[in-house]
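Right, one structure below, let's go through it.
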Amino acid sequence: MQVSSLNEVKIYSLSCGKSLPEWLSDRKKRALQKKDVDVRRRIELIQDFEMPTVCTTIKVSKDGQYILATGTYKPRVRCYDTYQLSLKFERCLDSEVVTFEILSDDYSKIVFLHNDRYIEFHSQSGFYYKTRIPKFGRDFSYHYPSCDLYFVGASSEVYRLNLEQGRYLNPLQTDAAENNVCDINSVHGLFATGTIEGRVECWDPRTRNRVGLLDCALNSVTADSEINSLPTISALKFNGALTMAVGTTTGQVLLYDLRSDKPLLVKDHQYGLPIKSVHFQDSLDLILSADSRIVKMWNKNSGKIFTSLEPEHDLNDVCLYPNSGMLLTANETPKMGIYYIPVLGPAPRWCSFLDNLTEELEENPESTVYDDYKFVTKKDLENLGLTHLIGSPFLRAYMHGFFMDIRLYHKVKLMVNPFAYEEYRKDKIRQKIEETRAQRVQLKKLPKVNKELALKLIEEEEEKQKSTWKKKVKSLPNILTDDRFKVMFENPDFQVDEESEEFRLLNPLVSKISEKRKKKLRLLEQQELREKEEEEEPEGKPSDAESSESSDDEKAWVEEVRKQRRLLQQEEKVKRQERLKEDQQTVLKPQFYEIKAGEEFRSFKDSATKQKLMNKTLEDRLKIEAKNGTLSVSDTTVGSKQLTFTLKRSEQQKKQQEAEKLHRQERKRLRRSAGHLKSRHKRGRSFH
């Protein structure tokens, strides 16, 4: 619930509160309600009190039990049972509804006016009958004594359809080209229609003759109002036997007594938007007038503002619940508005508990956020290395990105850059220190960025202040003190690159302009001194001197630009020669590709194992690699990541090495020493 106060009148917004994501399970919703106070305190007065896209009109039945609303897309009508606080039924329609009327006390008889000239009748069971009118309709009213429906629209005629006979009657011919709105007085049955020319025509249904004509367009123009176009009638409402309120497309509301052709009061919304609806509140003598931006409540006797209501979204229709302080709005948003104003009256019988709740659940307005989820785009996922999670339960697709659990996001963010929080903390501390320094007594010094430009501006400002002709010239704002250019002297991205080709070519012109400016200042000062001494001498200098001076400046500037261009061409030539020399000294070497560390290539035997490993989450893979000792993560000085993988031996290699080791030990153990054997010379005959 959101509470606002204007002129000490409290307005409770019952449809404002934290919205829960639709894809959350019931268990998570219950857990969120236990944990979050804002979610637990929100009030859902009527269940599913919304439209798929936009709500266009909203009305309450005469018995007060049913609330009917039309909207789009697809075009539909929804009926809500207030006694059950839920949706009773929903019916889809063939086209959008312009307006509708409830003919019975409940929802059993409804008439819809569509934007394709169709008139559709619905009974309690559903669709009953459909017919068409000759022109596009904009509004209609029901005359109970004669059972006639009066339709006005893009025609000068007012079409009459008798529901008792089931046929069209002779239309009423008005003097207007088109008619926008109409209404019937419930006391004496006077029929009034608002025209596109800004007039109101009143007709007697018994004689089918016009009995009055009001020129509201002329009366709506006051001394304070600014009118850019012809005001046309956009809203019309009777109250009692003698009072009528008229709303115009230029944002004025005129209050008339039927016995006079002059308005009793003219109220301007000051927005210049068409008045959409007008309602009377008899208990406090108030009038509720609404345009697409605001609902104003003002006294019909004095015109003094009582209070106003300004929703977040544009308004399409406003309905005041009978004999209560509840206000229903149809907005340019799926959710329909429910507002409770205790000063206007008590809460309706079906929600009498609001009187106690409004005293306990007052809270400040807060924006709707998803506290437990982080919204990330596809580019963010690529930077975090989480693109393989797309399609998994860890990511929920929403608009142009995904929702992910905030705990998982912080965990991955910490693994990608473990020192991000420390850097963020240091930046915040540095900003706080700079803010405290800025509050102290500041000395006149140059900014950190673009010092030369700032010095030039300061010198020019000082020269202007020293000169005596500054009084004749309109003072211009200084760039150094202008907030629009403040970033240019604080952000290093705006530093002027004096080594660039554009600056070097433009620099002679800038320097010559500054020299010319100084010379002109000196000449003007000398000229003013001469004028004081000799008043008869004419102002200025001879034209030939000016032309010679300008020609000399132009020649010097052209020579300087040519010189800078020659220097740039020489530098470019030297750079090309250096690049050519480097290319000649470069020796092409073969490029080798190695397998990832921690893996070995054994044909395609382990493809199933690798596939199973790749299907695991990033957290599980990191745990496995850290456990095996094949992965080590470290940070470099420039803020990037360095990953080191250790090649591990396979099980077959380990077994082979163990077998060789055992074989060597066994050979060593079974080996017999032959050190005791010595060679002896055999005796025999010597050869001669």
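First residue shown is number 1, and so on along the chain.
Glycine residues also receive a Cβ, built from the backbone N, Cα and C atoms like all the rest.
The shown structure was predicted, so the numbers you read here are calculated from the model rather than taken from an experiment.
Under the heading coiled coil, Swiss-Prot lists 423-446 (among others), citing sequence analysis as support.
Residues or ranges marked as coiled coil by Swiss-Prot on the basis of sequence analysis: 514-589 (among others).
For the coiled coil (640-673), the model's pLDDT averages out at 78. The feature coiled coil is assigned by Swiss-Prot to 640-673 (among others), with sequence analysis given as support.
DSSP states for the compositional bias 'Basic and acidic residues' (648-663), grouped as helix (H, G, I), strand (E, B) and coil, give 13 helix, 0 strand, 3 coil. Residues annotated as compositional bias 'Basic and acidic residues' in Swiss-Prot: 648-663.
Taken from Swiss-Prot, the feature compositional bias 'Basic residues' covers 664-688.
Taken from Swiss-Prot, the feature N-acetylmethionine applies to M1, supported by a large-scale study or a structure entry.
In this chain, no residue six or more apart from S25 (phosphoserine) has a CB-CB distance below 8 Å. Taken from Swiss-Prot, the feature phosphoserine covers S25 (among others), and the record attributes it to a large-scale study or a structure entry.
Residues or ranges marked as phosphoserine by Swiss-Prot: S475 (among others).
In the three-state DSSP classification, T481 (phosphothreonine) falls within coil. Feature annotation from Swiss-Prot assigns phosphothreonine to T481; the stated evidence is a large-scale study or a structure entry.
Here Swiss-Prot flags S514 (among others) as phosphoserine, drawing on a large-scale study or a structure entry.
Positions annotated as region 'Disordered' by Swiss-Prot: 529-557 (among others).
According to Swiss-Prot, the region 'Disordered' annotation covers 645-688 (among others).
Residue counts for the repeat 'WD 5' (219-258) by DSSP state, with H, G and I taken as helix and E and B as strand, are 1 helix, 19 strand, 20 coil. Here Swiss-Prot flags 219-258 as repeat 'WD 5'.
Sequence annotations record features per position, and here Swiss-Prot assigns repeat 'WD 6' to 262-300. Sequence-remote contacts of a segment are chain residues at least 6 beyond its ends whose Cβ falls under 8 Å from one of its Cβ atoms, and for the repeat 'WD 6' (262-300) they are 216, 219-220, 222, 224-226, 228, 234-237, 239, 243, 245-256, 306-310, 314-320, 327, 329, 343-345.
According to DSSP, the repeat 'WD 7' (304-341) comprises 0 helix, 22 strand, 16 coil. Sequence annotations record features per position, and here Swiss-Prot assigns repeat 'WD 7' to 304-341.
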Nonlocal residues around T481 (phosphothreonine), in sequence order (Cβ under 8 Å, 6 or more apart): none
